[in-house]
Structures are given as C-alpha cells and as structure tokens.
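*Asks:* One structure coming up, written as structure tokens, with questions to follow.
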C-alpha cells in the first residue's frame, strides 16, 4: 500500500495553466476588442488563402502573409495586457515584460521567414510562369488592405509602436522620406502626415496594395503574367526590409545589451556617483534593457568605513533612478588591510645548525604539490599569488645550500641542534639518487656575512 499524502499539491497541465492565464486576460474589457479583431482576422485570412489558390497569384499570397502578421501583432498586444496584470514572482523577479519582447521578436522573424518562402517560390515561377486569374485579385487586395489598416489604426499596439520608433529606419522608410521632403516642399501641409517618417506597417500595406493594383492592370491589359511574380518579389523584399530592423532591436533586448543612446548618459551618472561623499569606488556595473522602455541594472559601491551606508545608498539610487527603473545597489565598506609585517628580535634557534645533522625530508610528490618552487609558499591552482611582505621568504631572496659534511668553522658561535624548519628545505636535493646536499631557503641569507663568518668554501649558491 502506497503512502497517502493528505495535503499534496496538485500539478496542473500546460493546457490548464494556459486556460487560467487566458481567463485572467479576458477579465479585462480592453482585451475583448483584441479578441474580436483576432476572430475577424482569422476569417479574412481564410478567405484570402482561398482566393490565392483560385487566382494562382503569388503576389496576393505574399500580401496575405501581411494579414497573418497582423494576427501575430494582435497576439502580442494581448500578451502586453497580460504582462500588465501579472505581478513579479520568485521565478521572474523582474516581472514578465520580456515575454512581450519575445513575442515581437518571434513575430518579426516569422514574417521574414514567410518573405524568404515567397522569394523561393517566385524564383521557381520564373522558370515556368503559370496563368494568373484576375477574377478575385483586386477584391482580395482591397479586403486585405482595409482590414490591415483598420486593425493597425484602431488598436494601440504598445510593443510594436515602441519598436517601430526605437528601431532603425528601413530602406523603404528612407526612400519614402526623401520623396516626402520633396513633396512637402511643394505642398507644406503634408508635412504632418509624411514627416518625419511614416508608420512602417501602414507604409508596407499601402505599398503592397499599389503593387497588386499595378499587377492587375498589366495582366488585364497585356496578359503579362510575369508581373505577378515580380510584384511578389517586391512585396517579399519590402516585408523583409521592414521587419529586419525590428527583429534586430528586439533581439538585442533579449541579449540584455545596453542601448547605444543611453551609454553616454549612464557614464555621466556613474561619474557623478563616484564623486559622492564617502564613495571610494564604483565597480561591476551592468545595465540592460528589461523590456520596451524599461531598464534594469546592478552596481557595487565601495565606501569608507566611517561613511553612512543608508545615506550613500539613497544618493546613488536617486542619481541612477532617472534612467534605471529596476536598480540593485550593493554597498561594501572598505575593510581591506595589508598583512602585518613581521618585526622584532630574531629567534635564537634560527641559527642552530647541527654538526652531523640528519634531516628527514618530506615526500617528493607531496612537497612538490604543496609548495611553489618560486616562493616556498603553499599555493592552490585557483588562488592568486601570495601577498608580498618584507622579511619573508620569496623568490627575490638568494637561497643557501648547506653542505652535509661541513666542519665547524672557527670563530662561529653557532649552537648546533635540530632545526625546526623542516619544510623550508629545497625538496629533491636530499633525496637518494638525486643529490647529497640539502638546500635551506631562508630570508637570512646575509646573516653569516653580517657576523663576519662567511667563507667562500662554506656556502654555495644556485640560480633559480
């Protein structure tokens, strides 16, 4: 018999979670309008795809893909309402704003993939151009144009509105802007409509409808069926050129990059923060775009020991909150200090060297693993080198090698005994089979010379 859990938490399926979130969105009356336009879009797309099949027009198919993109934009707008209703959770501490960024990126990338598919199909049609039926070509064009413009202008799509303004201009917008300047020079009243730049979605809808109208006229007059393929290529190229800057911008937001137009302002604010009273250093600063129009960041601030943490935190937050809405500031007090230098009298057993000493050398493998041959200091592979201090053994000291069969020199007042510094001898020099001498690395290289007892035959040196 299995274990019975009285208060076990039920796990909801993915479909159940989606249904719960959909009910949360539909609770807001503003989403009803989006759902209505979405239903109409599905019906219009179904009719347009049927007419594309009956007319055998590739240009109308490319224009229908713009209607499908409008459906994606409505879904993005619905996600934007859902993001405003949701509160941050432990898993998503910064909120759910990146979901609408991901939705914009996915919509623009799918539109570009559809444009590439149209280009591939159009290239195949150049080899053998089929006959185009113009019975419902013009009807489908006006139905798609009216619905696209009506949905774009009736619903305020916040994510796409922000991206279309923040992203770089497409080549279609630049060419239309040049023509608009020339036209506004003749008719100044049109400057409010065409300048500074038109909405890219409205522009591509109008340009695609004009291409289809030209296609209809040429096929009706001259039976020139190749113009349908040319119009399909033109609509696909315009679609790709319009969506590419938006996908690049939303992709940079997903990669947590800092917007280029904000870098100068952030540098100025960080310089101001570094000059605040009590602030010693500003480091590990990282700022990125969390969502459309929302920035997040984190910074580490090192302050003096006597500085007021709350006061510094308030000033830093006040300076950076003008640009960064979600800010994390970590305050560190200056607790760094140099290691205490050894000072005082020399221990008396420092110079105790036995007459006939036998020093038990440590294992060669363990010693070489534990000691660094350059500093004689225990080191770890991942740890930084030890801090330099005076009167300590180091690589700048000249080592001393003591002979094993040395004689007592006259005039030296050494007390012979066992030396306690068994771990400071050079490893490998006293091991049988390697050599018969043992090296003592010490910071007292010049001690013997200091007491006037150094003789060239007594000590020898080796180079590192």
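Backbone N, Cα and C define each Cβ position, glycine as well.
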*Asks:* Tell me if residue 199 and residue 271 end up on the same side of the membrane in Swiss-Prot.
*Replies:* yes
*Asks:* State the residue range annotated as transmembrane segment by Swiss-Prot; the candidates are 13-33, 34-54.
*Replies:* 34-54
*Asks:* For the annotation transmembrane segment in Swiss-Prot, which listed range does it cover: 180-200, 201-221, 264-284?
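*Replies:* Residues 201-221 are the ones Swiss-Prot records as transmembrane segment.
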*Asks:* Out of 65-85, 296-316, let me know the one Swiss-Prot marks transmembrane segment.
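*Replies:* Per Swiss-Prot, the stretch marked transmembrane segment is 65-85.
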*Asks:* Quick one: do the transmembrane segment (34-54) and the transmembrane segment (135-155) have at least 3 Cβ pairs under 8 Å, skipping pairs fewer than 6 apart in sequence?
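*Replies:* They are in contact.
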*Asks:* If you count every Cβ pair below 8 Å, which range out of 65-85, 99-119, 135-155, 229-249 shares the most with the transmembrane segment (201-221)?
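*Replies:* Selected stretch: 135-155, with the most Cβ pairs under 8 Å.
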*Asks:* Same chain, outside the topological domain 'Extracellular' (55-64) by at least 6, Cβ under 8 Å from its Cβ: which residues?
*Replies:* 45, 48-49, 115, 118, 121-122, 125, 130-137, 140-141, 144, 208-209, 211-212, 215, 228-229, 231-232, 235-236, 239
*Asks:* Mind checking which residues reach the transmembrane segment (229-249)? Cβ under 8 Å, same chain, six or more beyond either end.
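*Replies:* Answer is 57-59, 61-63, 65-66, 69, 104-105, 108-109, 111-112, 114-116, 118-119, 121-122, 125-126, 129, 160, 163-164, 166-173, 200-201, 203-204, 207-208, 211-212, 214-215.
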*Asks:* Who are the long-range neighbours of the topological domain 'Cytoplasmic' (86-98) in its own chain, taking Cβ under 8 Å and residues 6 or more past its ends?
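*Replies:* Same-chain contacts beyond the flanks: 24, 253-254, 290-292, 294, 296, 326.
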*Asks:* So if I exclude everything within five residues of the ends of the transmembrane segment (135-155), which remaining residues of that chain have a CB under 8 angstroms from its CBs? That is, six or more out.
*Replies:* 33-34, 37, 40-41, 44, 47-48, 51-52, 54-55, 57, 60, 63-64, 66-67, 70, 73-74, 77, 199, 201-202, 205-206, 208-209, 212-213, 215-216, 219
